[in-house]
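Novice: Take a look at this one; I'll ask things after.
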Amino acid sequence: MAEDGSEEIMFIWCEDCSQYHDSECPELGPVVMVKDSFVLSRARSSLPPNLEIRRLEDGAEGVFAITQLVKRTQFGPFESRRVAKWEKESAFPLKVFQKDGHPVCFDTSNEDDCNWMMLVRPAAEAEHQNLTAYQHGSDVYFTTSRDIPPGTELRVWYAAFYAKKMDKPMLKQAGSGVHAAGTPENSAPVESEPSQWACKVCSATFLELQLLNEHLLGHLEQAKSLPPGSQSEAAAPEKEQDTPRGEPPAVPESENVATKEQKKKPRRGRKPKVSKAEQPLVIVEDKEPTEQVAEIITEVPPDEPVSATPDERIMELVLGKLATTTTDTSSVPKFTHHQNNTITLKRSLILSSRHGIRRKLIKQLGEHKRVYQCNICSKIFQNSSNLSRHVRSHGDKLFKCEECAKLFSRKESLKQHVSYKHSRNEVDGEYRYRCGTCEKTFRIESALEFHNCRTDDKTFQCEMCFRFFSTNSNLSKHKKKHGDKKFACEVCSKMFYRKDVMLDHQRRHLEGVRRVKREDLEAGGENLVRYKKEPSGCPVCGKVFSCRSNMNKHLLTHGDKKYTCEICGRKFFRVDVLRDHIHVHFKDIALMDDHQREEFIGKIGISSEENDDNSDESADSEPHKYSCKRCQLTFGRGKEYLKHIMEVHKEKGYGCSICNRRFALKATYHAHMVIHRENLPDPNVQKYIHPCEICGRIFNSIGNLERHKLIHTGVKSHACEQCGKSFARKDMLKEHMRVHDNVREYLCAECGKGMKTKHALRHHMKLHKGIKEYECKECHRRFAQKVNMLKHCKRHTGIKDFMCELCGKTFSERNTMETHKLIHTVGKQWTCSVCDKKYVTEYMLQKHVQLTHDKVEAQSCQLCGTKVSTRASMSRHMRRKHPEVLAVRIDDLDHLPETTTIDASSIGIVQPELTLEQEDLAEGKHGKAAKRSHKRKQKPEEEAGAPVPEDATFSEYSEKETEFTGSVGDETNSAVQSIQQVVVTLGDPNVTTPSSSVGLTNITVTPITTAAATQFTNLQPVAVGHLTTPERQLQLDNSILTVTFDTVSGSAMLHNRQNDVQIHPQPEASNPQSVAHFINLTTLVNSITPLGSQLSDQHPLTWRAVPQTDVLPPSQPQAPPQQAAQPQVQAEQQQQQMYSY
């Protein structure tokens, strides 16, 4: 070991020679040393991102603001090692004063034990101080006392009450004529407003005049409570105490937040007074003229002095502090109607003054909304007594519940808690206080008053998730859900927001005795007595519930449904359930058209004209948030504020054009528009858009997004007891449970069809509106429901994942497989009473009866006029009598502009040897295909002499059947089947009547030559109807669009340009194929961009070349007279490339 004063020698142990060496091993050499990486201390690594540490010129370090810090920004709590006594006091010592009075010291000597707040330097002068340190509970916090601009160093000093406990002086104001205590140096008035205000009764100092006013009113209350003989003594300390210059006087105990006055039990029959810590931070400014105020206060002649009774003497001090013209405080200031100097009277005095002065001022100025806000938690109250009662909750909680160890600040709160929470052995007769609105019962009257059930709309809205609540207490409970889940159940590890809820949940896992104290639950241990709640059974139906409260709610369902929805007629047991139900109707307004919306609004008693001026505003997240910028009035609910600005200021607010709701705030309106998916590119709306990063769905609040994300976790903890289906959320399970009921309470206003769930009704309404949000990526077909789109997509893949283990049959859907299994298990139990056909499920039987046996209005075949009575008969007729006809209808061209030019004045059919027959198209029947006449095959000599009518709507001609050039086996002569029919109904742009229609005469008929291996069995014709709506005209040009049906490949092709692709023959097919062709012309027409342009390889649709052999030049048909002037189609134009989609 080295001697004292010498450097310590580091010895290194060598494993090889088993010796210590002071430098290096003589045989193996030096040791390679690896040092740790540099790690910031805890104090420096915990620095917030908007702060930074800078080194000053004198070498010291300070904390500086990077961004703007507004006033009343709180930092903390201060973290450090806590000791009973300091070894060495720091430059800014901190203590925490416990309930028993013993202080605990903060050891700030080590940066690794503290957070960044230890690096903030204390202020030396008052103008340098911008942070205030104070104790709250068992921690110390820093709060900004003014706005701090970027680049300013943070400097801290003690708050007034905390400085008194720490026995530290307040900082003095440098360069002003006011002492640190706020007492003027001389009697001359100070021009500038002092930064601190002093009480002339007890010399307490205050940073704000408002705090001094409320403090003086406390002295007034004390003077009023003293007997008459003692009042002279109460007014004695009116002299200004001589204080040494630069040394402030000791701050009295009255300046502490947790004052003795707050800890006193309030006297019976008297409202507790408001201490200075309870001062309102949001005060309504009074805009009444100052002359009127002077007139109110003038109760004495101008020259008559005022008697100096103690209460009036203190009120003299109050008014003297508020009068800018006052220079003598020995008497009440004299106000006259003709004073030239203006009088400034703070609204805080009007709101807080007592007795006659307060009554007189309120009587003259009129009642105004009063706002009282807690200094500590910023909670708002409507009156000072509630604020006084609330502030005590931030102080010491001396009353402990013996049952659950919960602490209370008032004994009354403890009694109410014990009576309400721990009276489980009382009989049901003790529930004698019943709510007249929802019929909920309570044991004590105060619990009924706290219940505060409302019958009007939910007006309290959460700022996080925008959810509405009927009472402020329910909103406060709900807000805790947005915090962290800190309490875990020891049995199942489930997390909770509140400890009391966790303990109640944990009791459900326990078995044994009936009563268990919460101390035993918190202590835990192996010897913990098990407890289980005694179940409660319904006396009507016998259903068992885990607790009596749930049973009481269920018991209401056996009573009469007294509350009826005026919109849909549905009845409810409780009015709060009815109120929630009415909100569902408003959610579906967006799916209605203008007529339906007007009818709906009229049904609920609001007209659209009145809606512009008298619409209600959804309530805000917290009462008293709305403040009118013009008259400074505040409102507790949004509809009150909206009514105010409409009636008083003649403003209309912000109205939603979709659902006709109106909002007073623009921010609320923008958040509402996210629901309708409107104005999403607007930056004002985008800040309310919260997209899901997994599926891309957007929400207008973080709370709704977080609830949605539960679906993506894959955890489905809520299972249906009837079918076993699981869900991620409890509300989804409740919605699903309606599926098992046979009650279809949700009726469609369009068709009257009943739905079991609101979700199903919303999707059903989309069908009536034609809203199809989901598109197949393969064929671009759109669907209204996602489940139908997913089922459709499986047809493209051909994957069948589900197999019946009994017979081996595979299915693409699980529900289809489950239905099939019923054949093996229960058999076909449902028999048709008409034809004795049997089915597995009742639904299949109902569909059979509906389609087969139910008589409907007689339907006529559009081709031959045959009338049938059922849909099944019509399908059977078309299948047997007209197998060659395929109808393709275009019913909706809403996406096209008003005037459209389609690059297709004709639709040509490329087929072997076709014959087109004339059809009589009835006038005024727009969109219906003409009846098909009988097929006629004329001989060539008859064709030549056949006259062509001049007024024919369609050209009629026949061509001689030609043989195929290649060998196609026995199918050569039968390849040409029935006549190809093309019926096109278009709006005539030359006719003014929109309902008129003309036949398209420019039909291209092209015989084709196929390869030897190509086989045809049944070439199906096309009937195209409703190509345009009666309100819209289409301008046509002379270009030709040809549609080809390939029966081998089963695809439809378009011809519009020369064939420039070499085609290879196809292999021979084994058997002829009969193909049913479907072509979506709506997709074709709407996808041409720009309209009128030629189709090309760069078309938005996916096109592929279809093999085709060289096309023979067509034989020209005999053209009718009206077609004589049209140009003939050249042979080279017939050799076109075919594209399939």
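In case you wondered, yes, glycine gets a Cβ from its N, Cα and C as well.
From Swiss-Prot, here are the annotated features:
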- 236-245: compositional bias 'Basic and acidic residues' (COMPBIAS)
- 262-274: compositional bias 'Basic residues' (COMPBIAS)
- 609-620: compositional bias 'Acidic residues' (COMPBIAS)
- 927-938: compositional bias 'Basic residues' (COMPBIAS)
- 1121-1141: compositional bias 'Low complexity' (COMPBIAS)
- K517: SUMO2 cross-link (CROSSLNK)
- 224-283: region 'Disordered' (REGION)
- 604-623: region 'Disordered' (REGION)
- 922-973: region 'Disordered' (REGION)
- 1108-1141: region 'Disordered' (REGION)
- 197-219: zinc finger (ZN_FING)
- 372-394: zinc finger (ZN_FING)
- 487-509: zinc finger (ZN_FING)
- 563-585: zinc finger (ZN_FING)
- 626-649: zinc finger (ZN_FING)
- 654-676: zinc finger (ZN_FING)
- 690-712: zinc finger (ZN_FING)
- 718-740: zinc finger (ZN_FING)
- 746-768: zinc finger (ZN_FING)
- 774-796: zinc finger (ZN_FING)
- 802-824: zinc finger (ZN_FING)
- 830-853: zinc finger (ZN_FING)
Novice: Going along the chain, which residues at least six beyond the ends of the zinc finger (830-853) come within the CB cut-off of under 8 Å?
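Specialist: Hits for the zinc finger (830-853): 819-820, 822-823, 870-872.
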Novice: With DSSP, how much of the zinc finger (746-768) is helix, how much strand and how much coil, in residues?
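Specialist: So the zinc finger (746-768) is made up of 11 helix, 4 strand, 8 coil.
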Novice: Do you know the mean pLDDT across the zinc finger (563-585)?
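Specialist: The predicted confidence over the zinc finger (563-585), as a mean pLDDT, is 66.
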Novice: What does DSSP give as the helix, strand and coil breakdown of the zinc finger (802-824)?
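Specialist: Helix, strand, coil within the zinc finger (802-824): 11 helix, 4 strand, 8 coil.
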Novice: Summarise the zinc finger (774-796) by DSSP state, stating how many residues are helix, strand and coil.
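Specialist: Residue counts for the zinc finger (774-796) by secondary structure: 11 helix, 4 strand, 8 coil.
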Novice: Using DSSP, break the zinc finger (372-394) down into helix, strand and coil residues and give each count.
Specialist: 11 helix, 4 strand, 8 coil
